[in-house]
Amino acid sequence: MAGGNWTRVGEFILLSFSSLPTEIQLLLFLTFLIIYLVTLMGNSLIILVTLVDPMLHSPMYFFLRNLSFLEIGFNLVIVPKMLGTLLAWDTTISFLGCATQMYFSFFFGGAECFLLATMAYDRYVAICSPLHYAVIMNQRTRAKMAIASWFPGFPIATVQTTWLFSFPFCGTNKVNHFFCDSPPVLGLVCADTALFEIYAIVGTILVIMIPCLLILCSYTRIAATVLKIPSAKGKHKAFSTCSSHLLVVSLFSVSLSLTYFRPKSNNSPESKKLLSLSYTVVTPMLNPIIYSLRNNEMKNALGRTFRKALDLRNCIP
């Protein structure tokens, strides 16, 4: 004991979906395992195809490749541990392990928000300034934009994780979630967290709302430009290149906002888990599906890559 009722916590217990019957947990395990494998294979395939196919060496696919890297990282940080908790053989996580998981979830989540804004700007330049697109979005510029998208994740994750885990914990060490997310861990703190909660709300505004505003501005200009295109075919082509990105942004941003705008909300733990599933498990799986099935260039590139792989295999004696 230290400081009255304060205790030094050595590990946490992730309750995950333990309130559900064992049969349901087994079903969830199989479902999330399939989603996890699809996510890893789908995003890895996007990385591979955009690297090896010369037709996909444009800035759009460069940023898409970065998004796939982020999604793989996000999944590797959260899903394997969640699968272990569903089988009830790996429900504990060390103090350092919990802090590490939270750090990288903040890092990948924050970086993805800014990368989605960068991708929106790329679509803005491609549609509104097509003649200058190659000059504006040259290799050096897009590399700088990618670095600028990844970088905010570091200070966001460092400040929030270090600050939260510097608080004293008391009572139970049971985290009613499937990973070490900020709101459920914050509920175990035995100290005044008002200042931290204000910081969390301000951080959420900066990380989610500012990229969303940049995306909104980009697509407002894009819509104005597209509406001036005389042919219906041209309008459809322009909108189709943006619809996939808008869908991903909507899924990711809405679920993040509902989770982090109120770190100590009175919503039930189960509803919070469902919201978290949408941006930690579902969205990373949908990204390769959305960008592949709704993109003819990607579908054609996948076909070329598979044909090359088959030809190479046939050439080997």
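Cβ atoms are placed via backbone N, Cα and C, with glycine included.
No curator has checked TrEMBL annotations; they are predicted automatically.
Residues or ranges marked as transmembrane segment by TrEMBL: 24-51, 63-83, 103-124, 145-165, 198-217, 238-262, 274-293. What TrEMBL lists as domain 'G-protein coupled receptors family 1 profile' is 42-291.
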Give residue numbers and ranges for long-range contacts of the transmembrane segment (103-124): same chain, 6 or more residues beyond its ends, CB-CB under 8 A. 59-60, 63-64, 66-67, 70-71, 73-74, 77-78, 137, 142, 145-146, 148-154, 156-158, 160-161, 179-182, 207-208, 210-212, 214-215, 218-219, 221-222, 241-242, 245, 248-249, 252-253, 256, 279-280
For the transmembrane segment (24-51), could you work out the same-chain residues 6 or more beyond its ends whose Cβ comes under 8 Å from its Cβ atoms? 17-18, 57, 61-62, 64-65, 68-69, 71-72, 75, 79-80, 82-83, 86-88, 281-282, 284-285, 287-289, 291-292, 298, 301-302, 305
Intrachain neighbours beyond the transmembrane segment (198-217), with Cβ under 8 angstroms and 6 or more residues off its ends: 109-110, 113-114, 116-117, 120-121, 152, 156, 159-160, 163, 182, 249, 253, 256-257, 260-261, 263
